[in-house]
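What TrEMBL annotates here:
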- 41-291: domain 'G-protein coupled receptors family 1 profile' (DOMAIN)
- 25-50: transmembrane segment (TRANSMEM)
- 62-82: transmembrane segment (TRANSMEM)
- 102-121: transmembrane segment (TRANSMEM)
- 141-165: transmembrane segment (TRANSMEM)
- 201-227: transmembrane segment (TRANSMEM)
- 239-261: transmembrane segment (TRANSMEM)
- 273-293: transmembrane segment (TRANSMEM)
Amino acid sequence: MEEGNQTEMVLFHFRPFSKLPEVQMLIFVLFLMMYLVSIGGNMSIVLTIWTNRCLHTPMYFFLANLASLEIFYSSTIAPLTLASILSTERTVVSLAGCGAQMFFFIFLGSADCILLAVMAYDRFVAICHPLRYTLIMSWHLCVQLALGSLLLGFILAMQLTVLIFQLPFCSSKEISLFYCDVLPVMRLACADTHVHEATLFVVSVIVLTIPFLLITLSYVFIVDAILKIRSAEGRHKAFSTCSSHLTVVLLQYGCTSLIYLCPSSSYSPERGQVVSVVYTFITPVLNPLIYSMRNRELKDALRRVIMKLVLIQTQEAL
């Protein structure tokens with residue numbers, strides 16, 4: 001009974017970015033701005049795709065799903081991080097609260113990476129098999145692929161989170177990051193974690209390595225098909241539909257691989273802090289910008305939505 005009570009009393013707190021209040025306040029303002037821009041940008045993409053019938057295609061369906069995941073993914077990390085930075089005292093997180101944050105972080109992050117592989121397959125079918133595209137990428141298959149990415153992410157997150165939080169934690173601990181990530185929390189356990197580290201590596205391979213190899217294979221066939229297109233305009237149009245996706249893939253997989261595919265013995269809290277800021281705050285801001293700037297159809301649809309909103313506000317003012 002004493003051991004159970006001891007486990008319930010375990011509390012975590014996050015390591016501050018700086019001991020200087022002025023620096024903490026500057027970081028708070030920057031993170032808050034990035035979070036708001038991320039939510040606003042991704043919400044704009046979802047609403048634009050939802051309200052424009054011309055964008056009701058498999059490619060934009062997956063893009064809307066990706067933007068929705070980014071909204072929830074950012075909201076899993078940002079609010080608690082902002083509260084922790086703003087607080088003059090340590091923001092304490094319970095064992096259950098830390099576990100919940102870790103679960104949703106792994107769940108949404110995994111689904112995000114898997115969905116990027118699904119989007120690569122969609123582009124492969126569109127460019128390499130254009131005449132059969134509507135037949136292959138039916139709405140039934142699109143929904144199955146989107147739900148499949150969520151289901152696989154959910155299963156992996158549940159297994160890994162339950163496994164890690166079965167470890168004994170001796171007392172209140174400082175997490176060497178600004179949220180409950182797997183490696184920093186695992187390092188606070190008072191037991192051997194070799195099995196858990198091996199499980200994390202297997203999950204990372206499933207979520208990062210395998211999807212990235214499938215994406216790479218898809219783009220090998222896509223590039224080969226694009227080079228066979230005779231007109232320069234046709235090649236440019238085909239490449240423009242893929243360039244934004246490829247940019248997001250490199251950004252997402254590049255950052256996460258630096259943390260989760262490296263040996264856990266070489267994990268550095270300082271490097272983890274910097275890289276984590278990139279894929280939890282900066283990447284969700286860049287993704288909607290990349291897609292809206294590099295995709296003409298989406299850019300035009302966004303412009304129409306903005307003009308419509310401005311016109312409505314002008315009419316209401318009059």
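Keep in mind that glycine also has a Cβ here, set from the backbone N, Cα and C atoms.
Note: the stretches the transmembrane segment (239-261) and the transmembrane segment (102-121) are in contact (3+ CB pairs below 8 A, sequence gap of 6 or more). Same-chain residues lying 6+ beyond the ends of the transmembrane segment (62-82) with a Cβ under 8 Å from its Cβ atoms: 14, 28, 31-32, 35, 38-39, 42-43, 45-46, 49-50, 91, 93, 101, 104-105, 108-109, 111-112, 115-116, 118-119, 122, 142, 145-146, 178-179, 280-281, 284, 287-288, 291, 298.
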